[in-house]
Amino acid sequence: MRYDLQIIASWIEPGAKVLDLGCGAGDLLSHLIREKGIRGSGIEIDEAKVAEGLTRGLSMVHGDINEEVRDYPDQAFDDVILSQTLQQVYDPARLIREMLRVGKRGIVSFPNFAHYGVRAQLFFKGKAPVSRELPYQWYDTPNIRVIALKDFRRFCKASGFAILHETAIRTPHHQETGRVATLFPNLLATYGIFRLGRATPPPP
Amino acid sequence: MSEYVDQTAPGGSVGLVEKKFFTFAAPPHPLTVESGLSIGPVTLAYETYGALSPRKDNAVLVLHALTGDSHAAGYYDASDPKPGWWDSMIGPGKGIDTGAVFVICANVLGGCMGSTGPGSINPATGAPYGLEFPVVTIGDMVAAQKALVDHLGITRLLAVVGGSMGGMQVLEWSVRYPDMVRGAVSLASTTKHSALAIAFNEVARQAIMADPNWRGGDYYAHPEKPDTGLAVARMIGHITYLSDEAMRAKFDRRLQDRCDISFNFEADFQVESYLRHQGKKFVDRFDANSFLYVTKAADYFNLENAHGGGSAVSAFAKARCAYLVVSFTSDWLYPTYQSKAMVQAMKKNGLDVSFVEIKADWGHDAFLLRNPRLSAIIERFLDRMRQTARAETPDTPDTGEAKAGG
């Protein structure tokens, strides 16, 4: 399994109830069910992937994550995962707020736009960056947002999301092994993975 | 439902099958239906395929659509030209794998394929019920099926599975008898008819009632039956089971057996000829009064009102099962928004629910057509139900597997 998904999996408690937003054909869910005995559901917009997930015996709902996440009761899940999709979300604050309503914790991962390779393309070549992590041209990209790790931390603070845990990884997208970027993560990391909780309200 | 049953599907056939009958609610203990009237005795025609496990925990109840019957799979006779209506789904190695599960399919109360309905003899008068037959609901149909399932000694069904009106029965089963249902599969169905669906049914009923041979429902003793009305009713139904795309692909404006239009009222177009053929064929196998009763039952169905005081969320609060809901893109009779609404209510109750809208060009009837994707999804859902069943009672060995594990 992809290294970023391995990190996410390591954060999930055995037996937890997990919702995976944009779960694809359910690779992460299958892994978590097998390795951690979780009870999981997924939401996916692509019919073929939903069908593949269902034929793997997973529980999945076919639809748009922004709409489908709204129907779950408060705190129905322990962890709600949004892996590699944040850059495509129209209203990230609202979606993450919903994630933290239906789940106790949220896990969010995204490609780091402040990676030195991205910066170099813009600086030296003077063109919109295309990388393994962000492989699209400006005219055909589903990614409507560019996010740096630093931006995301600031966004969480402003939106009232507590960062419980953060890992920056230096690993190309599909690789199964990877390294964690501890030094200058905003410059060196290809991906950021954040574990979020609701910020504790200030004492009265 | 439509006439697509002559397709071959991978996997085996359940082979020769036999229609059986179960009679209950004999006086002085008749079945009281939702309208408050009573009826008895009641007979249900049913068929079973596969073997019931010693623990009786592998039974799948298959529920048919409006004009279906108990003959879901296999053949009555070696010379049968066609197998049962869902032979593409039911059989060894198929979506509902009779090598693993025990399938029960019963004809509905109010029907005319061997179950008690308006064409049956009223023991009080010795003549067919006709309109003396009480109006029955989807709930009444399910209550009758429950009596059959009890009779077979099954306390919990592995799954209830059905499409269209069969899907309504699935939903009704899941909230009416929550402890008896482990998994529920609703295909191309709804928790309540839209005005559009009621409107088509009403036109179909009016076609029957406008036929002079209908005689207020009392036509059984007459050689002339309301065949014209029933055929028109069936033609209307057929239009709703297809879709604009399906009809364009299948017929477009092609002419039937002619090079030019006739300038009279013959069937010029292939679509006209097709509808006339479907209508004609239908009157040979279906009773006009039964058509009135089953369409009314479908129109009255309102799961929210019956079980949730008007709220779908409250209705599904009664459910305990895992759901698999499937809709089809070109179904305009029970469009996807209706399946999505029920999924939403299921999710709000924290139920285990799966949903997929399958791309299909063939309209409402898509659930009856051979579809490897649909078969695979249902097969895995049933597997999962069997796994949870096994996990709940691991100490009672069912087969030789347990020994091998030791």
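Backbone N, Cα and C atoms are what each Cβ position is placed from, and that goes for glycine too.
DSSP gives B:SER164 (active site, nucleophile) a coil state; it is part of no helix or strand. Taken from TrEMBL, the feature active site, nucleophile applies to B:SER164.
Look at B:ASP331 (active site): DSSP puts it in coil. The number of other CB atoms found within 10 A of the CB of B:ASP331 (active site), across every protein chain shown, is 28. If you look up TrEMBL, you'll see B:ASP331 (among others) marked as active site.
Within the same chain, the residues at least 6 positions away from B:HIS364 (active site) whose Cβ sits under 8 Å from its Cβ are B:SER164, B:ALA188, B:THR240, B:TYR241, B:LEU242, B:SER243, B:PHE328, B:ASP331, B:TRP332, B:LEU333, B:TYR334, listed in sequence order. The active site feature in TrEMBL is assigned to B:HIS364 (among others).
Same-chain residues at least 6 positions away in sequence with a Cβ under 8 Å from that of B:ARG234 (substrate binding site) are, in sequence order, B:THR67, B:ALA204, B:GLN278, B:GLY279, B:PHE282, B:VAL283, B:PHE286. Secondary structure at B:ARG234 (substrate binding site), taken from DSSP and collapsed to helix, strand or coil, is helix. Annotation source TrEMBL lists substrate binding site at B:ARG234, B:ASP365.
Taken from TrEMBL, the feature domain 'AB hydrolase-1' covers B:59-368. Mean pLDDT of the predicted structure over the domain 'AB hydrolase-1' (B:59-368): 96.
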Run through the Cβ atoms and count how many others sit within 10 Å of the one on B:SER164 (active site, nucleophile). 28
Applying a 10 Å Cβ distance cut-off over all chains shown, what neighbour count does B:ASP365 (substrate binding site) have? 26
